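Taken straight from TrEMBL:
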- 12-32: transmembrane segment (TRANSMEM)
- 39-57: transmembrane segment (TRANSMEM)
- 77-97: transmembrane segment (TRANSMEM)
- 109-129: transmembrane segment (TRANSMEM)
- 135-155: transmembrane segment (TRANSMEM)
- 218-238: transmembrane segment (TRANSMEM)
- 250-272: transmembrane segment (TRANSMEM)
Amino acid sequence: MVLPEGFVLPPWYLLGPTLVILGGVVAFLWSLDPPVTDRTVLAFVPWMLFGSTLHVLHRLEAYPTEIAVMFASPGVYLVTATAAGIAWALGIVLHAAGLQATSERLPGIVGTGFFVVFTMFAIFTSWDAGTFEPFWPVISVVIAGIITALAWLGLGLWFTDVAATTSLTGVIVVFGHALDGVSTGIGYDLLGAHEEVPVSRFVLETAEGLPTAEVIGAGWLFVLLKVALALVVLGLFREFVEEAPRQARLLLAFIAAVGLGPGVHNVLLFMVA
């Protein structure tokens, strides 16, 4: 099994309606056939962050028992995707009606608003409980940013066509996976966190058995693999982005979410728990 611990399907009476609504939203968006650009992917970054916040609040037991399972994994992904899809559809409709300058503005603003409000709730709850510890989470974001800048500089120098083609979407992919790697490494090496994903745990345990573990810990190998894989994926997607930008950028957005979501989840959880 490669599923993380805590993977629980919601009961049918919650899962069924959610899937129906999500399916309807996807079908409606498919019929609209909207363009997908770097701005579109950027507009959905707050939703990736919002989904992580919802899951952190579940870990803090902030939801009523009756619906709490919807904010565990995988329910939180379905809830977030449904809300983001509805916001995108509304943005497209408002843009077509001449009420918005772009179709990305509404989902970007709404997603940012949701993320900020729910994150502040988590922080205030943690502050009142005396568990607010921002130092290492902030450090992990800074280190991830530096690694992303260096990785993108190298990509731009030696594989200029890949960097130019994937553009901002590519930066988001690299940063997301760098943040996941760095936050996981810091959590494992310095904060005593337990890695829930078996594959990630295997990498960390492998690095822990190397001679370098006593000097630089075990997280470095995980960071290296995450960033390297992200760059390889961008290289493989170069022609795909040129030939089918809509489909390629949607897939790259999903790949970015796979890194950015867990990364932000780690950062916020370490900060408030």
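Cβ atoms here come from the backbone N, Cα and C positions, even for glycine.
Between the transmembrane segment (135-155) and the listed ranges 12-32, 77-97, 109-129, 218-238, 250-272, the one holding the most Cβ pairs under 8 Å is 250-272. Only pairs six or more apart in sequence are counted, and the transmembrane segment (77-97) with the transmembrane segment (250-272) gives fewer than three Cβ pairs under 8 Å, not enough to call it a contact. Same-chain neighbours of the transmembrane segment (109-129): 43-47, 49-50, 53-54, 56-57, 60, 62, 83-84, 87, 268, 271-273, counting only residues six or more beyond its ends whose CB sits under 8 Å from a CB of the stretch. Within the chain, the transmembrane segment (39-57) has long-range Cβ neighbours (under 8 A, six or more residues past its boundaries) at 63, 71-73, 76-77, 79-80, 83-84, 87-88, 102-105, 107-108, 111-112, 114-115, 118-119, 121-122, 168-169, 172, 176, 249, 252-253, 256-257, 260-265, 268-269, 272-273.
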